[in-house]
Amino acid sequence: MAIARVAEDVEAGVVGAGGGGGGGEVTEPLLRRCGKGEDAGPKIRDEAEASECGSEGRLQADDGGSLRMVLVSTAVAVCGSFEFGTCVGYSAPTQSGIIDEVGLSISEFAIFGSILTIGAMIGAVTSGRLADFLGRKMTMRISATICMFGWLSIHLAKSAIMLYFGRILLGFSTGVLSYVVPVFIAEIAPKNLRGGLATSNQLLICSGSSATYIIGALVAWRNLVLVGLLPCVLLLGGLFFIPESPRWLANVGREKEFHASLQKLRGEDADISEEAIEIKEYIESLRSFPKARLEDLFLSKNIYAVIVGVGLMIFQQLGGINGVGFYASYIFSSAGFSGKLGAILIGIIQIPITLFGAILMDRSGRRVLLMVSASGTFLGCFLTGISFYLKAQGLFPEWVPTLALSGILVYIGAYSIGMGPVPWVVMSEIFSINMKAIGGSLVTLVSWLGSFAISYSFSFLMDWSSAGTFFMFSAASLVTILFVAKLVPETKGRTLEQIQDSLNSRR
């Protein structure tokens, strides 16, 4: 599921117009990497002493007021991340209620669960251009408004058509928010805080998903809509009190507003002159980059990165995360365990494990996390498959619920620590600077297509063979370990240039 990669793109120094899936034109980075200009580096280091960037280094010495607006702006933006999580998690605890009250068949509910990804693909394809044309704040405002209409459609639904309509609106908003929120956060944050603030995006996505799991087990499905409406209201209200991204304002030539926004974010007494010059110089330098084309991805210098990025997304989806995530309650009920209690337990473990994975990201390395995570998803799916096999054979019936619960919790925990976030991080690091936007678009499209395929087919696979379904997912996790061991490069502690040199040496 997707989601943390744009923040990593921006932190690496590049945002494409199609970063959320938006086509081939590269409207590249609105963030300048520190120390990039030879003439600026020494002067900035002298003034900031221990910092890497002048104005950002001085930020550490400013009083709390200089950080307040950055933190407030981030808090407002991640309401969109929380909204993302509620949209993704909504179908898991509501399946039985919707089927019973609206009268959906299993196949119709499968459409309801998976159609979110269709809307998300449309949103992802348009997100980059919307954010570049309308601005980051206006794009978030439009997304929140569309999301509210989607939730209201679901709340008032009397038929499958109204449910589908609301769900596809939620999907569109999810696709847009998955791009614009991390981009906005990365563009307003000083470098020394950017990594931590970018992590808040993924954390709030997990929080939104966990909230729907927990609250959905306690309230009716129509009332659960309120959990999705609340962050939309907070986002719409909060956007009136925070500035627009200064980098976007500079990119569209709104000089006066650019300086006012940057000053507001850095503090009234902060000297923003050097940072403002860096931003404008870097934006000017972007115009020298050639426009990337889709066919360029398949040149020998880019194909290895494509194989790694697309391969990780394929294996992420083949591991079955969207089947488990969308239909968790159904899985537990099928195994004879309380669907509501199982959903609550999933919600409880997701947040701390995601935090733990974020801490390990730059300590243990990407490859280790991926292989440990894939090993865990293999074990979780294998245990769940064993539980359904025993149930089908009528063997040890008292073990079936315990094995299913243990398997799913192990699976969710293992996925959250590695196979969830790491593929997006690796994707943001392995594409060269002029190929990031179009490469990210391809990888994102593959992810959403895989999400649709798994979430739609999951119910049918479970009807075919519950045990066989999870054994297939576990087999995919084993192949993932081999794929990572043989092909995925370690990118921890390397500059982007070093990563590119390493990739080129493999050709």
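A Cβ is built for glycine as well, from the same backbone N, Cα and C atoms used for every other residue.
According to TrEMBL, the feature region 'Disordered' maps to 37-58.
Marked as compositional bias 'Basic and acidic residues' by TrEMBL: 37-48.
Feature annotation from TrEMBL assigns domain 'Major facilitator superfamily (MFS) profile' to 73-492.
Sequence annotations record features per position, and here TrEMBL assigns transmembrane segment to 104-126 (among others).
Taken from TrEMBL, the feature transmembrane segment covers 138-157 (among others).
If you look at the transmembrane segment (163-185), the same-chain residues 6 or more away from its ends with a CB under 8 A from one of its CBs are 2-4, 6-7, 10, 15, 19-22, 73-74, 77-78, 80-81, 83-84, 87-88, 90, 98, 102, 104, 111-112, 115-128, 130-131, 136-137, 139-140, 142-144, 146-147, 149-154, 157, 194, 197-198, 200-201, 228, 245, 448. What TrEMBL lists as transmembrane segment is 163-185 (among others).
Here TrEMBL flags 224-242 (among others) as transmembrane segment.
A Cβ distance under 8 Å defines the sequence-distant neighbours of the transmembrane segment (303-329), meaning residues of its chain 6+ beyond its ends; these are 1, 88-89, 91-96, 113-114, 117, 209, 213, 217, 297, 339-340, 342-343, 346, 370, 374, 377, 381, 408, 411-412, 415, 419-420, 422-423, 426-427, 430-432, 435, 439, 442-443, 446-447, 450-451, 453-455, 457-459, 461-462, 469-470, 472-473, 476-477, 479-480, 483-484, 487-489, 503, 506-507. According to TrEMBL, the transmembrane segment annotation covers 303-329 (among others).
Per TrEMBL, transmembrane segment is recorded for 341-361 (among others).
Residues 312, 315, 319-320, 331, 334-335, 357, 360-361, 396-397, 399-404, 406-415, 417-420, 422-423, 466-471, 473-474, 477-478, 480-481, 484-485, 488 of the same chain lie 6 or more positions beyond the ends of the transmembrane segment (368-390) yet place their CB under 8 Å from a CB of it. If you look up TrEMBL, you'll see 368-390 (among others) marked as transmembrane segment.
Here TrEMBL flags 402-426 (among others) as transmembrane segment.
Sequence annotations record features per position, and here TrEMBL assigns transmembrane segment to 438-458 (among others).
The transmembrane segment annotation in TrEMBL covers 464-485 (among others).
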Sequence-distant contacts of the transmembrane segment (402-426), meaning Cβ under 8 Å and at least 6 residues beyond its ends, amount to 1-5, 8, 202, 206, 308-309, 312-313, 315-316, 319, 321, 324, 328, 331-332, 335-337, 342, 345-346, 349-350, 353-354, 356-358, 360-361, 366, 369-370, 372-377, 379-388, 390, 470, 480, 488, 491
For the transmembrane segment (341-361), distant same-chain residues with Cβ under 8 A (at least six beyond the ends):
92-93, 199, 202-203, 206-207, 209-214, 216-217, 328-329, 331-332, 369, 405, 408-409, 412-413, 416-418, 420-422, 425
Integer mean pLDDT for the domain 'Major facilitator superfamily (MFS) profile' (73-492):
86
